[in-house]
Amino acid sequence: MSYFMVIAAQWQASYLRFLNTGPLCNKFGGPIFFTVWLVAGILTLVFLFGVDHGLLEFDKGIAEIGAEDFAAFYRGGQLALNGAAATAYDPVVFAELFSHENKGLLFLNPPHAFLFFEPLANLPYAVARGIIIVLNLSAILGLVYILRLKLGAAPYVFTLFSCGSYFSFSVLQISPIIIFLVIYALIHHQRQPVLSALALAIATIKPQLGVLIPFFLISARSWTTLTYATVSTLFLFVLSVAFYGFIVWTAFFVSLVDGPHAVQFEDMIASMIGIRHSLSIFGASGATMLLFQLLVTLCCSVLVWYSVRNFPEKQALPIVVFLMCIAAPSFLLYDWLLLSSAMLLALGVQSRWSALLQILAGMLLLAPYTQALLRLRGSDAMILFSLFVPFLMIGVCWLYIRELPSKKHVTRDANAAPRRQSSLPRNEVFSTQ
């Protein structure tokens, strides 16, 4: 017995020594965060192979497929193809062809999304969903690639096996594509303004994740990107009116006030994360929640301006992305990839974090799985946990700012010269070259 105890003690000492001195650990936040990341990856594998999601069921059409959100996008494209785009906002008509598992799906995207979903509806459902799977996978890998983190394959593994990636594939959402477009634009808005603007215009088909982007572009004085993005979005609006008529926008705005959007909020409140949804736990009225959401967005906008104007953009980007998550009117488990992006951006700035930041970031990393497990114990526990998560986001963002090296804080005058050359200075871990 003593022999085994000695072996166990030696193994424990070696493991702890690895956690504290291992090169990957030191560049991936630290031993606590690295361990939590491993746990999250293991949980992803358990959920991936232990739960039947029907992700590879390519022999079923839209009327037979199990629960997945892509059916809503495809159905919207079908209605647009048939000249009845406005009826996508009618829940009864919209759900006619769905299987029993998908009867509760609603079309919540703005009308210019039909421009992208209609071409998919020209294809068989199995082919269309296969394209989305490939695009999602490419977006996740591309997201890590554009960050240029000098950490080998670790960031790719981290992102592929993150909670956000798992939930995106489990319900076949398009969030990875939208998040890739947003992060691409944030990184390249000065160097590649046209491509960044086009990316932002396309990302407006899921607008809730980018409510702070205009404030970021204004704060960074990225007028070219802001102009091109505005013109591109207006062009998509004009195209949608030309193809589907102005009535489709009327139907969309009606659904925002007293239609599918209102129904979806009531049905999905337990699965959502955000300040607005936290207020609903206390029985706040719709007007109160909307007012508070606007107040949170305003506060986050001011913080975006402060961060961009007082830090090098490389240091400001993680703050901006964290604030985007906090300010999002709707933030679901498959949107967690945006938080993973913020953490990777933070690692590019500061590769070793304090123990407290590692703990809070690890808790945030595991929050979707925690919420999914709490769902098994009843919606009350899950709703209470969702109340806690936004404050966890705020804590991680605050600690990241607090731990920024003081020598990298700059004034506006000191930051002016580098801005004319590049808005994103290089460092030894994170580079856009």
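The backbone N, Cα and C atoms fix where each Cβ goes, glycine too.
The compositional bias 'Polar residues' annotation in TrEMBL covers 420-433.
If you look up TrEMBL, you'll see 412-433 marked as region 'Disordered'.
Marked as transmembrane segment by TrEMBL: 28-51 (among others).
Sequence annotations record features per position, and here TrEMBL assigns transmembrane segment to 126-146 (among others). Long-range Cβ contacts of the transmembrane segment (126-146) within its own chain (Cβ-Cβ under 8 Å, at least 6 residues beyond either end) map to 55, 58-61, 65, 68, 70, 73-74, 120, 155-156, 159-160, 165, 168-169, 172, 174, 176-177, 179-180, 183-184, 187-188, 337, 341, 344, 432.
As annotated by TrEMBL, transmembrane segment applies to 166-187 (among others).
Residues or ranges marked as transmembrane segment by TrEMBL: 194-217 (among others). Within the same chain, residues 109-110, 112-113, 116, 174-175, 178-179, 181-182, 184-186, 188, 223-229, 231-233, 235-236, 297, 300-301, 304-305, 308, 320, 323-324, 327-331, 335, 338 sit at least 6 positions outside the transmembrane segment (194-217) and bring their C-beta atoms closer than 8 Å to a C-beta of that stretch.
Annotation comment: TrEMBL describes 229-257 (among others) as transmembrane segment.
Sequence annotations record features per position, and here TrEMBL assigns transmembrane segment to 278-307 (among others).
Residues or ranges marked as transmembrane segment by TrEMBL: 319-339 (among others).
Look at TrEMBL and you will find 351-369 (among others) tagged as transmembrane segment. Sequence-remote contacts of a segment are chain residues at least 6 beyond its ends whose Cβ falls under 8 Å from one of its Cβ atoms, and for the transmembrane segment (351-369) they are 26-33, 35-37, 39-40, 43, 47, 162-164, 167, 273, 333, 336, 339-340, 343, 385, 389, 392-393, 395-396, 399-400, 403, 429.
Marked as transmembrane segment by TrEMBL: 381-401 (among others).
Residues 140, 143, 159, 162-165, 167-168, 170-171, 173, 175-176, 179, 182-183, 186, 208-213, 216, 265, 268, 271-276, 293, 296-297, 300-301, 303-304, 307-308, 311, 345, 364-365, 367-368, 371-372, 390, 393-394, 396-397, 400-401 of the same chain sit 6 or more residues outside the transmembrane segment (319-339) yet have a Cβ under 8 Å from a Cβ within it.
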